[in-house]
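> Checked TrEMBL, it gives:
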BINDING   Asp34, Glu35, Asp142  divalent metal cation binding site
DOMAIN    28-251  domain 'RNase H type-2'
Amino acid sequence: MDLSDFEADNSVSCRLSSSIPDVCKTEDCCLGIDEAGRGPVLGPMVYGICFCPVSRKEDLKNMKVADSKTLSEAERENLFLKIDKAKGFVGWALQVLSPNTISTSMLQRAKYNLNALSHDAAIGLVQYALDCGVQLKEVFVDTVGPAEKYQDKLSQRFPGVEVTVRPKADSLFPVVSAASICAKVARDHAVKSWKFAEDLGDVDADYGSGYPNDPKTKSWLLKYLDPVFGYPQFVRFSWSTTQTLLDSKAAAVHWDDDEEDEEKAAARQNNASMLSYFSRNKPSELTHTRDTHRFFTERKLQSINTL
């Protein structure tokens, strides 16, 4: 799988896709949606779609596609090659969500949680298929959050398309299994070939599964925690695992709350408020006698307390 577009700048998200089979532009099609890498603290999350004519569902099933989590890495790679070679009737597309995109989205002032991010990625991929001329008739989705609400949301967004949202859809519908394989293969390649923008020297690539409870992952996170600058962009710094480590191991930083009164903020930090320089009752550290600068004496300027 060619990830060169994403690797050119892995700090942002990227869309990758196959060519669109001509038959998908003339016949009713089914489309499956699934993701890979939702839980790990390291690396991107990848959303994938796979689509084919409804009349060719059995052909897709005969490829022996299955839930990517039940397959070995070699089996996934072989199945992806089969899917990619079936260009006459199968198409796929991926949205690679970088760790940086995930973290900044989740921590921005207007909260944008992982479910909303996932929904928008899925919706964007379905819209991409429609914009490319795919004649969508059926969409099958592995649920994120309550299945009924998600199904209603997608049905309203895409009227005229029959939407089915189910838990474990990747083990129920071959077209979702195929999407799952595409997404998982892309994530595995992205993690293995990750190019660190930061100058970390020879990076230890033995970071385990990337899941927060993996001892190897925890050890790697401790090793590459910078006390001032935090983590490289390979790490999702919005995860509670990383936040806990930063709180306990990194240098403490206080960010003034924008809503906090300026004088209270100054008092808390034992500093003089800027406003105090203009008040009638100046703080004691500002009332000591000192020579007036010649700029003022030459112009016969003096301070006043009243107008």
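Yeah, the Cβs are placed from backbone N, Cα and C, and that goes for glycine too.
In TrEMBL, annotation is done automatically, which means it is predicted and not curated.
Show me how these features fit into the structure around them.
Contacts of Asp142 (divalent metal cation binding site) defined by a Cβ separation under 8 A and a same-chain sequence distance of 6+ are given as Ile33, Asp34, Glu35, Val165, Arg166, Pro167, Lys168, Ala169, Asp170, Val176, Ser180, in order along the sequence.
When averaged over the domain 'RNase H type-2' (28-251), pLDDT in the model lands at 92.
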> Taking the centroid of the Cβ atoms of Asp34, Glu35, Asp142 (divalent metal cation site), which other same-chain residues have Cβ within 8 Å of it?
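Near the divalent metal cation site, the remaining chain residues are Ile33, Ala36, Tyr47, Gly48, Val141, Val144, Ala169, Asp170, Val176, Ala179, Ser180, Ala183.
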> List nothing but the one residue from Asp34, Glu35 whose Cβ has the fewest other Cβ atoms within 10 Å; the candidates are the binding-site residues.
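Looking at the binding-site residues Asp34, Glu35, the Cβ with the fewest others within 10 Å is that of Glu35.
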